[in-house]
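The next block holds one structure in the form of structure tokens; read it before the comments.
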Amino acid sequence: MKQLLIKNIKQLVQVEKENQPYIAGAQMAQLPSIDNAYLLIKGAYISAYGPMSELNEAALPADVEVIDATDRLVLPAWCDSHTHLVYPKSRDVEYVDKIKGLSYEEIAARGGGILNSAKLMQTASEDQLFDDAMVRLQEIITWGTGAVEIKSGYGLTLDSELKMLRVIKRLKEASPLTIKSTFLGAHSIPMEYRGQQEKYVDLVINEMLPAVAKEKLADYVDVFCDVGFFTVEDTDRILNAAAKYGLTPKIHANELDYSGGIQVGVKYNALSVDHLEFTGEEEMKALKDSGTMPTILPGAAFFLNMAYAPARQMMAAGLPVALASDFNPGSSPSGNMQLIMAMGSVLYRMLPEEVIHAVTKNTAYAMGVDKELGSICVGKKANVVITKPIPGIEYLPYAYGENKVETTILNGAVS
Ligand code: NIG
Ligand code: FE
């Protein structure tokens, strides 16, 4: 089997002897690392690591491929547990409306926003969607992402939702990234259902969910549970129906108000609840020891000029925190997880160590890949990044405009 040795690593970051599901509270500030280290990869998996002093290079096969990582750090590749990166077109015109002062709800109420993308989706071809998404995937690999969750939700009709999910299925087969797909039929209420949204919820439950399950097109189910979108009752009905198909929730919650979304997500053992700008004591109590990962999406809060989720209070309460990109054309038009790390640190006052856990271990958990990804651990998939020569981990969130990643290795191969 092919072996790849990365040697003379200045710092091998996020090493774990035994895999923990996620990192919470004060532990997030501890980042186990090894200075002057090596990492050995066999096939697609991590087979050994340690200090250079323990490396017996002579014992390796003659054809081992060697990368010299002098002055460079090696970390697990980022896991981006929340994106909408299959979409037909950018929405830069709306962006100007936003700058002029229109709110996210105002744009949505007049048929813009998600409905704008949904209209374009009706006529978009599967091949075009696939090609455009492949370009986006290629780009996020260069920024160091190794795994990504992608949602439907710009279809909002049976056919278009299935079209999006089939595109995600093709992406899973064609891309070296680890990809998970999420069915988000309940992303927005189509115009013709306004005032009778329970009928749209019926459609999601009675037609979309069975078809998605039949074709095995989704790993997870999502609902945008927030003011102006889906109510707690709608969400409860959808998650209850989805559970019958074995679909675990990962939901949009508490972005626009104290919507009750966090609590209903926890009730259905959601893998994650995402956004969380409106999180108070009650919500944190519900999340404590729940197994539901609180996931903050700094790109959307920044772009929409929202209040920021209380990351420090969450960690002080002993909760884990994950950070994902929310890459989408309406509220976060970037999948650059290094930028998300910078935002996590500057806007949410998270330490570099905390930010690194938040985009690796904790997002791996939030997308259900924590057993195979998220840390440097023997037996895990070899999805790692080698940085350019940089001073240390602090430089990762600090130099926010620069690509600090030189090489992304996915499944043991340079991508
Ligand atoms: O996560 N909050 C809801 N949905 C997306 C926005 C999608 C869009 O505006 O196209 C989000 O921010
Ligand atoms: Fe989102």
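Note: Cβ is positioned from N, Cα and C throughout, glycine not excepted.
The feature domain 'Amidohydrolase-related' is assigned by TrEMBL to 74-412. Residues annotated as Zn(2+) binding site in TrEMBL: His82, His84, His252, Asp326. Annotation comment: TrEMBL describes His82, His84, His252, Asp326 as Fe(3+) binding site. Among the features that TrEMBL reports, 4-imidazolone-5-propanoate binding site is placed at Arg91, Tyr154, His187, Glu255, Ser331. Marked as N-formimidoyl-L-glutamate binding site by TrEMBL: Tyr154, Asn328, Gly330.
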Long-range Cβ environment of Glu255 (4-imidazolone-5-propanoate binding site), under 8 Å and at least 6 residues apart: Asp226, His275, Leu276, Glu277, Phe278, Ala300, Met306
Using Cα positions only, nearest of the binding-site residues to Tyr154 (4-imidazolone-5-propanoate binding site) (His82, His252, Asp326, Gly330): Gly330
In sequence order, those binding-site residues of Arg91, Tyr154, His187, Glu255, Gly330 whose CB lies under 6 Å from ligand 2: none
Candidates Arg91, His187, Asn328, Gly330, Ser331, namely the binding-site residues, that fall within 10 Å of His252 (Zn(2+) binding site) by Cα distance: His187
By Cα-Cα distance, the member of binding-site residues Arg91, His187, Asn328, Gly330, Ser331 nearest His84 (Zn(2+) binding site): Asn328
Residues among the binding-site residues His82, Arg91, Tyr154 that border ligand 1 - Cβ under 6 angstroms, in sequence order: none
For the binding-site residues His187, His252, the one whose C-beta sees the most other C-beta atoms within 10 angstroms: His252
Rounded Cα separation (Å) that holds between Ser331 (4-imidazolone-5-propanoate binding site) and His82 (Zn(2+) binding site): 13
